[in-house]
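**Student:** One structure coming up, written as structure tokens, with questions to follow.
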Amino acid sequence: MMDLFKAIGLGLVVLLPLANPLTTVALFLGLAGNMNSAERNRQSLMASVYVFAIMMVAYYAGQLVMNTFGISIPGLRIAGGLIVAFIGFRMLFPQQKAHESPEAKSKSEELEDEPSANIAFVPLAMPSTAGPGTIAMIISSASTVRHGVDFPGWVILVAPPLIFLAVSVILWGSLRSSGAIMRLVGKGGIEAISRLMGFLLVCMGVQFIINGVLEIIKTYH
């Protein structure tokens, strides 16, 4: 049993800095300003479920999917970096106020007409939480841990779903507490957080691209 707890602890130490639920909370605050409490809670739960599903698929089928479509981890990093940087630029340099933008109006109408429409999958679950770095780490870990001898076989079988569940629960708790943060910071604070998050996302996206390019150079040099 101690081996299981040790494996879960190691997994959380590796994944939490990459997933960074607090970053997702700040992004959520910038995107959910027009949502009521019930809708924010629903988005929080759905984002957590999506994160769990993405991590499970990445661990058990990620390498197969990437091999099937000929996708390399450097390619995954560069594509994810472009997406993150694009989202960051849109948040950092909004052409108009967020609540007056066509995207916001379209999303509001979509949420009214179609309850299943949401921001939980993109960008909260992917790429903010289960982004290219997280997915790449999970896929690379899956290809090595199954051949490792540090833990018993049953621990290697049981630990990954529990680690992903723990990350999802932490994300859900963080997003649920964002309501209190919204009451404290107000609309102006949300705008400031949104712009700050935009800058951070641009930096993250550029770094993902740099890492991908460096891996390509290292591979083919």
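Note that Cβ sites are derived from N, Cα and C of the backbone, with glycine treated the same way.
Residues or ranges marked as topological domain 'Periplasmic' in Swiss-Prot: 1-7, 140-150, 218-221. As annotated by Swiss-Prot, transmembrane segment applies to 8-28, 45-65, 69-89, 119-139, 151-171, 197-217, with the evidence given as sequence analysis. For 29-44, 90-118, 172-196, the entry in Swiss-Prot reads topological domain 'Cytoplasmic', with the evidence type sequence analysis.
Can you tell me where each of these features sits in the structure?
**Tutor:** Residue counts for the topological domain 'Periplasmic' (1-7) under DSSP, helix first, then strand, then coil, are 6 helix, 0 strand, 1 coil.
Within the chain, the transmembrane segment (8-28) has long-range Cβ neighbours (under 8 A, six or more residues past its boundaries) at 40, 43-44, 47, 51, 123-124, 128-131, 133-134, 137-138, 141, 159-160, 162-163, 166-167, 170-171, 174-175, 177-178, 181, 193, 196-197, 200-201.
Counting same-chain residues at least six beyond the ends of the transmembrane segment (45-65), those with a Cβ under 8 angstroms from any Cβ of the stretch are 19, 24, 28, 71, 118, 120-121, 124-126, 129-130, 134-135, 138-139, 141-143, 160-161, 164-165, 167-169, 171-172, 175.
Note on the topological domain 'Cytoplasmic' (90-118): mean pLDDT across this stretch is 56.
Same-chain residues lying 6 or more positions outside the transmembrane segment (119-139) and placing a CB less than 8 Å from one of its CB atoms are 14-15, 18-21, 23-24, 27-28, 31-32, 43-44, 46-47, 50-51, 54-55, 58-59, 62-63, 66, 73, 76-77, 79-81, 83-84, 87, 107, 171, 175, 204, 208.
Below 8 angstroms of C-beta separation, residues 3-4, 6-8, 11-12, 15-16, 19, 21, 24, 47-49, 51-52, 55-56, 59, 129, 142, 145 of the same chain, each at least six residues beyond the ends of the transmembrane segment (151-171), sit close to that stretch.
Each residue of the topological domain 'Cytoplasmic' (172-196) gets a DSSP state, and the totals for helix, strand and coil are 24 helix, 0 strand, 1 coil.
Sequence-remote contacts of a segment are chain residues at least 6 beyond its ends whose Cβ falls under 8 Å from one of its Cβ atoms, and for the transmembrane segment (197-217) they are 23, 26-27, 30, 73-78, 80-93, 131-133.
Sequence-distant neighbours of the topological domain 'Periplasmic' (218-221) (same chain, 6+ residues past either end, Cβ-Cβ under 8 Å): 74.
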**Student:** Kindly report the helix/strand/coil residue split of the topological domain 'Cytoplasmic' (29-44) according to DSSP, in that order.
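**Tutor:** Per-class counts: 11 helix, 0 strand, 5 coil.
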**Student:** Using DSSP, how many residues of the topological domain 'Periplasmic' (218-221) fall into helix, strand and coil, respectively?
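**Tutor:** Here the numbers are 3 helix, 0 strand, 1 coil.
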